[in-house]
Amino acid sequence: MAMEFRSSSRRKQSFGSAITSILLLFFIHGAHSFYLPGVAPQDFEKGDELKVKVNKLTSIKTQLPYSYYSLPFCRPKKIVDSTENLGEVLRGDRIENAPYSFKMREAQMCNVLCRVTLDAKTAKAFKEKIDDEYRVNMILDNLPLVVPIERLDQGAASIVYQLGYHVGLKGQYEGSKEQKYFMHNHLAFTVRYHRDMQTDAARIVGFEVKPYSVKHEYEGQWSEKTRLTTCDPHTKRLVVSSATPQEVENKKEIIFTYDVDFQESEVKWASRWDAYLLMSDNQIHWFSIVNSLMIVLFLSGMVAMIMLRTLYRDISRYNELETQEEAQEETGWKLVHGDVFRPPANSDLLCVYVGTGVQCLGMVLVTMIFAMLGFLSPSNRGGLMTAMLLLWVFMGLFAGYASSRLYKLFKGTEWKRIAFRTAFLFPAVVSAIFFVLNALIWGQKSSGAVPFGTMFALIFLWFGISVPLVFVGAYIGFKKPPLDDPVKTNKIPRQIPEQAWYMNPIFSILIGGILPFGAVFIELFFILTSIWLNQFYYIFGFLFLVFVILMVTCAEITIVLCYFQLCSEDYLWWWRSYLTSGSSALYLFLYAAFYFFTKLQITKLVSAMLYFGYMLIASYAFFVLTGTIGFYACLWFTRLIYSSVKID
């Protein structure tokens with residue numbers, strides 16, 4: 001399985017400097033981002049010390065990260081935390097120093113790290129992590145540790161990389177049916193480097209490991225100078241297999257050892273992430289995306305053609321009506337011109353949701369543009385999440401502006417109330433779900449639980465920056481002159497005739513969501529895989545293309561269904577246009593449930609609740625985003641057609 005590395009930064013920073021560093025990264029040091037992975041290279045002379053760091057333990061079965069030292073591994077004299085950025089903390093990253101000692105281009109064999117005697121509690125902890133298939137993650141020169149795995153691909157052997165090595169494995173001794181637990185206690189590291197022929201300095205371009213389970217043996221009493229008989233550099237006895245594995249049981253002694261080998265590589269520092277980024281299912285991915293694009297473009301072309309022909313004929317016919325008799329025989333969308341711009345029920349709530357949708361749209365667009373330009377490279381761990389949070393906060397200005405502009409269109413006067421609801425409704429719902437999920441993670445003693453300090457930082461971003469910006473945007477929007485309706489609204493609402501079964505609001509709303517979901521569901525598979533199965537996703541160019549097609553599809557399907565609705569003399573289009581494209585979020589959540597039962601191996605209730613909780617937040621955001629796109633398309637369409645006909 002090819003692994004994924006979601007965003008992280010070489011130089012970690014505290015929240016206090018997060019905003020400054022992100023802005024610097026984006027605007028001042030932008031040039032570095034094209035020099036993937038986004039930080040300056042470090043040269044090492046022969047014999048220089050290399051600092052190995054440990055990160056969280058991860059499992060795709062539980063989705064709950066744990067700190068490396070939550071298990072009784074060998075520890076350095078003093079554990080030093082690397083300061084993480086906001087995104088890293090939210091992802092559960094806990095980067096700390098490791099007891100491993102590497103010297104550049106100096107191979108080491110059978111280094112003894114420490115000896116640990118298990119008790120009942122520590123043996124149980126190791127067994128639980130082995131049961132849940134936890135992996136150990138490490139970092140060297142900002143490169144994640146990988147396990148190279150050979151696999152046959154169309155008859156030819158190829159190497160794919162698995163992020164991190166398993167804590168241990170389960171198995172049976174030959175001739176026995178009893179299941180035993182074995183610990184990976186010997187690590188054979190390979191550090192790949194690219195050497196400059198002129199200066200002889202080297203840069204690290206790869207960090208690999210092969211884990212082994214070995215029951216180490218020694219003669220006499222244990223001391224710091226004890227030489228192992230199972231792994232001894234003096235007798236050239238090396239660990240090359242797990243033939244005599246180390247069992248995990250109460251009162252068992254485990255000796256942790258490691259080898260370090262240095263191999264020169266032709267890979268240059270700027271290209272060192274290429275091997276990590278290779279998609280294992282490249283052809284399927286390309287074919288699926290192209291296939292999806294062709295279908296959606298074909299449908300879009302048909303929709304556009306039908307709309308242009310139908311509308312052109314309708315407007316021409318209406319403009320040619322001359323006699324009173326002909327005017328009395330009018331049917332269709334022109335008949336409801338006196339009611340089509342009548343403010344809807346719950347118009348305040350619609351304004352709030354439209355403003356929130358503009359905020360989401362701005363955040364997604366800017367994030368994708370930054371990602372496409374290489375600013376959010378995989379070496380910048382936590383960068384993607386930090387950027388999205390900060391952009392969400394600053395897009396509050398546009399949220400306030402959009403909601404107050406629409407509110408003024410509905411002849412509203414209390415703009416502060418709308419601004420308040422826009423600033424609080426969506427974040428409050430998301431925060432409530434997030435708080436419950438965080439309590440569940442905290443109950444599991446996982447490092448994924450957001451600490452109090454980070455919670456305070458998030459609340460500060462919301463109340464200290466986002467809320468004031470929403471009010472500023474609302475004030476600016478409300479002070480601008482309102483949009484004039486193309487036609488006057490009658491004082492008495494027109495009665496809506498009985499509708500055909502296929503124009504039933506629920507039916508047409510559910511039908512409207514299928515096409516936008518169809519535009520993204522293949523890409524959605526890869527995104528879900530990258531998040532929940534730790535596989536790498538880095539083709540933001542394709543994602544941006546799919547997102548553009550999603551916007552076009554949302555707009556077109558909403559316009560078509562809105563047109564049919566007006567033709568059947570139903571003028572209640574405001575909410576219907578929002579819900580039509582927004583209903584694609586329902587299909588997204590149903591697909592997430594399908595993915596859970598078919599692709600994931602999650603068995604724990606807490607992990608399942610985490611999955612569905614986070615997917616509920618994602619679906620809610622998708623609803624607000626797609627609904628707003630459909631609404632604005634429909635608003636533009638209705639204003640266009642009613643301003644194009646002669647109204648007596």
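We count from 1, first residue shown onward.
Cβ from N, Cα, C; glycine included.
Residues or ranges marked as transmembrane segment in TrEMBL: 286-308, 350-376, 382-402, 423-443, 455-478, 499-532, 538-566, 578-597, 609-637.
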Looking at 350-376, 423-443, 499-532, which one has the highest count of Cβ pairs under 8 angstroms to the transmembrane segment (455-478)?
423-443
Quick test of the contact rule: Cβ under 8 Å, at least six residues beyond the ends. What residues does that give for the transmembrane segment (350-376)?
7, 25-26, 30, 33-34, 36, 38, 344, 383-384, 387-388, 391-392, 395-396, 398-404, 406-407, 410, 412, 418, 421-422, 425-426, 470, 540-541, 543-544, 547, 574-575, 578, 621, 624-625, 627-629, 631-632
Dominant neighbour of the transmembrane segment (578-597) in 382-402, 423-443, 499-532, 538-566, 609-637, by Cβ pairs under 8 Å:
609-637
Between the stretches 382-402, 423-443, 499-532, 538-566, which one has more Cβ pairs under 8 Å with the transmembrane segment (609-637) than any other?
538-566
Sort out for me which stretch, of 382-402, 499-532, 538-566, has the most Cβ pairs below 8 angstroms to the transmembrane segment (423-443).
382-402
Can you name the far-off residues of the same chain, 6+ from the ends of the transmembrane segment (538-566), with a Cβ under 8 Å from a Cβ of it?
277, 279, 285, 289, 292-293, 296-297, 299-300, 303-304, 306-307, 310-311, 332-333, 336, 340, 364-365, 368-369, 371-372, 378, 503, 508, 511-512, 515-516, 518-520, 523, 527, 573, 576-577, 580-581, 584, 626, 629-634, 637-638
